[in-house]
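These features come from TrEMBL:
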type: DOMAIN; residues: 22-288; note: domain 'G-protein coupled receptors family 1 profile'
type: TRANSMEM; residues: 6-35; note: transmembrane segment
type: TRANSMEM; residues: 47-64; note: transmembrane segment
type: TRANSMEM; residues: 84-106; note: transmembrane segment
type: TRANSMEM; residues: 126-148; note: transmembrane segment
type: TRANSMEM; residues: 192-210; note: transmembrane segment
type: TRANSMEM; residues: 234-251; note: transmembrane segment
Amino acid sequence: MLPSDTIFQIFLIFQFCLGVIGNSSLLMLYVYTFFFKPHLKKLIDSVFMHLTIVNMSTIMFSMIKDIMFSFRVPNFLDNVGCKAVLFSFRLSRGLSICTTSVLSTFQVITITPSKSKWVSWLKPRLSTWIFSSLLCSWLINLLIYGYMLDLVIAKTNNSHVGRGYSHGYCQNKKVGKQNSEWFFSFLITHDFFYMSVMMWASLYMVIFLYRHRKTAQHLHSPNLSSQSSPEHKATHSILFLVSCFVLTYWLNNSITLYGFYTKEKNPRLEAIDTILTASYPTICPFLLMKNNKVILQFTSSFSVLRMTCFQSSLHG
């Protein structure tokens, strides 16, 4: 039977490969659509592309150092390396929260009837709103995590006793209590705001889908209730995406906060934290591929080709 450390190493490598392959494939698919299938291009694809790039960065900057640490590679990161890698990882993770929030809000605006004044005003300006929202997300996260650069140093030894951040090769530098409390309060406020927007958007989408189904049943139209429009399919996908994000986010943050305030660090909890951190970025591309028109066209063409070959073999 394989030891637990070996199983963990194999799982990390598998998760890393799956996440990189999934996100890079989806990114190439969007690039192909933008350049060679412009008629299939939709406004929401720009948000999906941004989310895919952010997810790829999260996986790269979170998992490579953890894989190296699991194999006991010594001194993989020095002070500069810790600052650069953790800044890039936290920036990518912060942008992931913001982009998922923008995605859920975009879908709410898309499915809401234009009878509402704010929707009728906003719908023609969606492209500008998306660009402004993502640009603000970049600026806010750069400002927040730019401050963090001075708080992180490389570990001088493998043991870290006392409260604070300690993970793999890096740990936090001892700073004043007031400064650290201010920084973490700002982080919690930032995350809470975007999570609240996500939860509100999700609740709105659930209510909208429920009302649509009730209307279809009231009109005695089985076709209307059973056949989902592309907007409804996209809404279901985004709801599932947001649910996965919220679940992994709270589990991940709970373990991170417990580890931060515990004096003696638990390697098992660090391992679980590593897996949870990369769970959403790994799952995300496969959820997004589900309703991609290029993939649906390819699978449809492949099914037709397979049926043609099967019929030819029967007649032959």
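Positions of Cβ are set from backbone N, Cα and C atoms, glycine also.
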Over the span of the domain 'G-protein coupled receptors family 1 profile' (22-288), how high is the average pLDDT in this prediction? 83
Intrachain residues whose Cβ lies under 8 Å of the transmembrane segment (84-106), provided they are six or more past its termini: 43-44, 47-48, 50-51, 54-55, 57-58, 61-62, 65, 77, 126, 130, 133-134, 137-138, 140-142, 144-146, 148-149, 152, 170, 190-191, 194-195, 197-198, 201-202, 205, 238, 241-242, 245, 249, 277, 280-281
